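Participant: Okay, handing you the structure first.
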Amino acid sequence: MASGNLTWVTEFILVGVSDDPELQIPLFLVFLVLYLLTVAGNLGIITLTSVDPQLQTPMYFFLRHLAIINLCNSTVVAPKMLVNFLVTKKTISYYGCAAQLGGFLVFIVAEIFTLAAMAYDRYVAIWSPLLYAVVVSPKVCRLLVSLTYLQSLITALTVSSCVFSVSYCSSNIINHFYCDDVPLLALSCSDTYIPETAVFIFSGTNLLFSMIVVLISYFNIVITILRIRSSEGRQKAFSTCASHMIAVVVFYGTLLFMYLQPRSNHSLDTDKMASVFYTLVIPVLNPLIYSLRNKNVKDALKRFLDNPCRSLKLM
């Protein structure tokens, strides 16, 4: 108990996707299926890109890390969400909430920059295939991934520290299905200028920088493809980046839908629906996008299923 008879929050209550009792079991089943598909699909991509000799290229190196990020991002959110569908008391501890926010920020920022790195990789592959192995060398790949995770950790530590530096002493009901910065700050009983500024700066900078890389890469990809004289060559060049282009449009489209809404139409309920998409739906879609449209991945899956024991020994 603090001065002024204010009770400091020690746990939060997550409202969830819906507070309708009749929808809890149906929603549990839907999201359980989504999570199991996420685990199976992304573990499949991780395994194939780790064991198959034909997939030891920069493109599949980045794809493996994207699958790891998607799997981890869903795992930060989904298990607690699924449990809350089945229990009456939908609480999460203060420190558990801080850990969930930090984990979510790490992996969502990592996904943003991994997609940007993959766009650069596709640009180099189409723009200068002869220099591809030199420009996007294993050392460069490791450096890009290391910088991605470093920026993700910096963002997560800074933003989550700012969000939990303010006081929570009134309502503890979060209108969300996981601990996110905006609905948390809406509950604060102290000045939120610093954490709101930190959220704005980091989210804006990360999103803007990665989008610039993606847009410049794809602008140059389109220019390069248009300069190819044969229709067969253009089709082959386009097919090498089609899967990534679809993933980028789906992911950034969801984020832009959430961040570019007019203030008058903005609501936490709308944010929840967008969050469902990029925390639980996109991690299911990415393995499908990259496998169904990718002959190399489909061939690798066939080789793995023909002799899984031999393939696993190559890990």
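Backbone N, Cα and C define each Cβ position, glycine as well.
These came from Swiss-Prot, pasted as-is:
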DISULFID  Cys97-Cys179  disulfide bond
CARBOHYD  Asn5  N-linked glycosylation site
CARBOHYD  Asn265  N-linked glycosylation site
TOPO_DOM  1-24  topological domain 'Extracellular'
TOPO_DOM  46-57  topological domain 'Cytoplasmic'
TOPO_DOM  79-97  topological domain 'Extracellular'
TOPO_DOM  119-143  topological domain 'Cytoplasmic'
TOPO_DOM  165-205  topological domain 'Extracellular'
TOPO_DOM  227-239  topological domain 'Cytoplasmic'
TOPO_DOM  261-271  topological domain 'Extracellular'
TOPO_DOM  293-315  topological domain 'Cytoplasmic'
TRANSMEM  25-45  transmembrane segment
TRANSMEM  58-78  transmembrane segment
TRANSMEM  98-118  transmembrane segment
TRANSMEM  144-164  transmembrane segment
TRANSMEM  206-226  transmembrane segment
TRANSMEM  240-260  transmembrane segment
TRANSMEM  272-292  transmembrane segment
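Show me how these features fit into the structure around them.
Facilitator: Residues within less than 8 Å, Cβ to Cβ, of Cys179 (disulfide bond) and separated from it by at least 6 positions along the same chain comprise Phe12, Leu14, Ile92, Cys97, Ala98, Gln100, Leu101, Phe104.
Along the topological domain 'Extracellular' (1-24), the predicted structure has mean pLDDT 79.
Long-range contacts of the topological domain 'Extracellular' (79-97) within the same chain: residues 9-17, 24-25, 27-28, 31-32, 35, 168, 174, 177-179, 184, each at least 6 residues beyond the stretch ends and with a Cβ under 8 Å from a Cβ of the stretch.
If you look at the topological domain 'Cytoplasmic' (119-143), the same-chain residues 6 or more away from its ends with a CB under 8 A from one of its CBs are 58-59, 61-62, 213-214, 217-218, 220-221, 224-225, 237, 240-241, 244, 248.
Helix, strand and coil residue tallies for the topological domain 'Extracellular' (165-205), in that order: 18 helix, 2 strand, 21 coil [DSSP].
Across the topological domain 'Cytoplasmic' (227-239), the DSSP tally of helix, strand and coil residues reads 10 helix, 0 strand, 3 coil.
The list of residues near the transmembrane segment (25-45) in space but at least 6 beyond its ends in sequence, with Cβ under 8 angstroms from a Cβ of it, reads 17-18, 63-64, 67-68, 70-71, 74-75, 78-79, 81-82, 85-86, 280-281, 283-284, 286-288, 290-291, 297, 301.
Within its own chain, the transmembrane segment (58-78) has Cβ neighbours under 8 Å at 31, 34-35, 38-39, 41-43, 45-46, 49-50, 100, 103-104, 106-108, 110-111, 114-115, 117-118, 121-122, 125, 132, 136, 138, 140-141, 144-145, 148, 177-178, 279-280, 282-283, 286-287, 290, 296, counting only residues six or more beyond its boundaries.
Sequence-distant contacts of the transmembrane segment (206-226), counting only residues of its own chain at least 6 positions beyond either end whose CB sits under 8 Å from a CB of the stretch, comprise 109, 112-113, 115-116, 119-120, 122-123, 126-127, 151, 155, 234, 237-238, 241, 245, 248, 252, 255, 259.
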Participant: Please figure out which one of 98-118, 240-260, 272-292 racks up the most CB pairs under 8 Å against the transmembrane segment (144-164).
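Facilitator: That would be 98-118.
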Participant: Checking distant contacts: for the topological domain 'Cytoplasmic' (227-239), what same-chain residues at least six beyond its ends satisfy Cβ-Cβ under 8 A?
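Facilitator: The answer is 126, 221, 293.
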Participant: Using DSSP and three states only, what is Cys97 (disulfide bond)?
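Facilitator: Where Cys97 (disulfide bond) sits, the three-state DSSP reduction gives helix.
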Participant: Given a Cβ distance threshold of under 8 angstroms, which distant residues of the chain, six or more beyond its ends, lie next to the topological domain 'Extracellular' (165-205)?
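Facilitator: Sequence-distant neighbours of the topological domain 'Extracellular' (165-205): 2, 6-9, 11-17, 76-77, 80-81, 84, 92, 94, 97-98, 100-101, 104-105, 155, 158-159, 259, 268-269, 271-272, 275-276, 279.
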